[in-house]
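What Swiss-Prot says about this one:
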REGION    1-235  region '2-C-methyl-D-erythritol 4-phosphate cytidylyltransferase'
SITE      Arg15  site 'Transition state stabilizer'
SITE      Lys24  site 'Transition state stabilizer'
SITE      Arg160  site 'Positions MEP for the nucleophilic attack'
SITE      Lys216  site 'Positions MEP for the nucleophilic attack'
REGION    236-399  region '2-C-methyl-D-erythritol 2,4-cyclodiphosphate synthase'
BINDING   Asp242, His244, His283  divalent metal cation binding site
BINDING   242-244, 275-276, 297-299, 302-306, 373-376, Phe380  4-CDP-2-C-methyl-D-erythritol 2-phosphate binding site
SITE      His275  site 'Transition state stabilizer'
SITE      Thr374  site 'Transition state stabilizer'
Amino acid sequence: METWALILAAGQGSRLLSTIGIAKQFFVWKGIPLYWQSVLQFMHCARIRGVVLVFPSEVKDNEEKVVDRLAAQYDLRLPYIVISGGKLRQDSVKNALNTLPKNCSHVLIHDAARPFISPKLINNVIEVLEAGAVGVVPGISVTDTIKQVIQGEVIVTRPREQLIAVQTPQGFHLKTIVEGHNRATLEKWTVTDDASLLELCGHTVQVINGEIENRKISFPQDLLYMVEQPKTTVPIVGYGYDVHKYVTEDQINQPIRSMRLGGISIPNAPNVVAHSDGDVLLHALMDALLGCIGGGDIGLHFPDSDKRYDGINSAILLDHVLTKVLESSIKIVHMDATIVAQLPKISQYREAIRSNLSRLLDLDLANVNIKATTEEGLGFTGECKGIKAIVIVTAIRIS
């Protein structure tokens with residue numbers, strides 16, 4: 001499954017434009033435009049393989065330069081495409097769908113005016129797609145009574161228990177949503193969200209719980225939600241340790257994996273025995289993160305007796321752990337790791353590993369440290385029988 005994200009920033013934003021003189025998606029918050037807040041959240045999800053950003057045609061060239069600068073500044077280790085939007089929202093989406101690579105199978109479509117999207121919600125949408133859904137939308141319960149009105153007169157009052165307020169990102173099987181947009185062009189349909197096209201084509205759209213915090217910035221008063229309130233913090237430290245054996249002749253019937261460290265492939269290194277992908281560094285990191293929240297260890301969450309995790313990319317498991325960290329109101333501030341092995345030599349891969357972990361953890365590169373050492377020929381690592389990793393994570397609990 002190859003999933004890309006489309007971030008729509010091509011709207012006129014007329015409500016805010018008339019008040020503060022700038023379209024909402026370009027409003028600068030915490031030093032960056034609103035649309036980049038969404039890019040950062042998608043960037044930290046291992047399942048996302050690339051991003052398409054859609055801007056008004058008159059500012060596309062300028063914003064492409066801004067995106068290039070931000071991508072370098074924030075070490076965006078994802079392919080990205082910058083394109084011009086169309087007259088209507090659905091025209092912008094169709095333009096973006098046509099730019100996706102051939103190997104893309106699924107897409108998440110997100111409004112840039114929702115900067116408070118969480119990695120947890122992104123992962124929840126993707127998980128439903130992985131289970132076979134062709135369309136999925138997040139939604140929250142409606143608390144107000146909703147009435148249908150024509151020319152100032154109430155026509156009908158809708159039972160609010162049957163209603164939800166739909167959010168983005170909305171997730172789709174790519175071929176299905178492309179067919180929906182193509183049919184919309186033929187039938188001259190105009191819709192306000194992409195899920196409506198699947199509904200009109202007779203497809204089932206699944207609904208998952210959205211997030212109240214995932215609000216849309218539309219009116220000037222919405223900017224008040226962007227003012228952060230004072231919070232108290234408590235420092236936390238998590239410790240993680242993991243070991244993997246190297247493959248020997250008597251282990252040829254066990255699961256054998258090519259070596260990966262911190263999500264980076266290490267060529268010409270010894271193969272490891274492992275149920276998942278055998279990334280000893282990510283496994284130690286996950287244990288350290290779980291230690292921060294009192295969450296047990298990775299064996300509890302991803303047992304090696306479960307075939308679902310056979311050969312799985314450990315970055316996907318890390319996504320699940322990071323979601324639990326976010327749910328616990330924990331903010332990671334630093335990680336320090338030591339890799340212990342006689343072989344392979346880590347020095348030439350150190351910066352690639354740091355950069356990838358910086359992206360996955362949403363940390364500045366300066367707050368990610370990777371060390372490597374040997375045990376001077378002693379023990380199982382010194383005898384080239386295996387590798388181990390030790391990780392210390394520093395975090396704060398916010399309340």
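Cβ atoms here come from the backbone N, Cα and C positions, even for glycine.
Owing to the predicted nature of the structure, the values given are computational and were not obtained by experimental measurement.
Within the same chain, the residues at least 6 positions away from Asp242 (divalent metal cation binding site) whose Cβ sits under 8 Å from its Cβ are Val280, Leu281, His283, Ala284, Asp287, Lys388, Ala389, listed in sequence order. Apart from the site residues Asp242, His244, His283, the chain places the Cβ of Val243, Ala274, Gly278, Asp279, Val280, Leu281, Leu282, Ala284, Ile387, Lys388, Ala389 no farther than 8 Å from the centroid of the site's Cβ atoms, the recorded divalent metal cation location. Counting in whole angstrom, His244 (divalent metal cation binding site) lies 10 from His275 (4-CDP-2-C-methyl-D-erythritol 2-phosphate binding site) by their C-alpha atoms.
Confidence for the region '2-C-methyl-D-erythritol 2,4-cyclodiphosphate synthase' (236-399), expressed as mean pLDDT, is 92. Ile298 (4-CDP-2-C-methyl-D-erythritol 2-phosphate binding site) sits 25 Å from Thr374 (site 'Transition state stabilizer'), counting Cα to Cα.
All protein chains considered, the CB of Lys24 (site 'Transition state stabilizer') has 28 other CB atoms within 10 Å.
Checked against Thr374 (site 'Transition state stabilizer'), the binding-site residues His275, Pro303, Asp306 differ in C-alpha distance, with His275 being the nearest.
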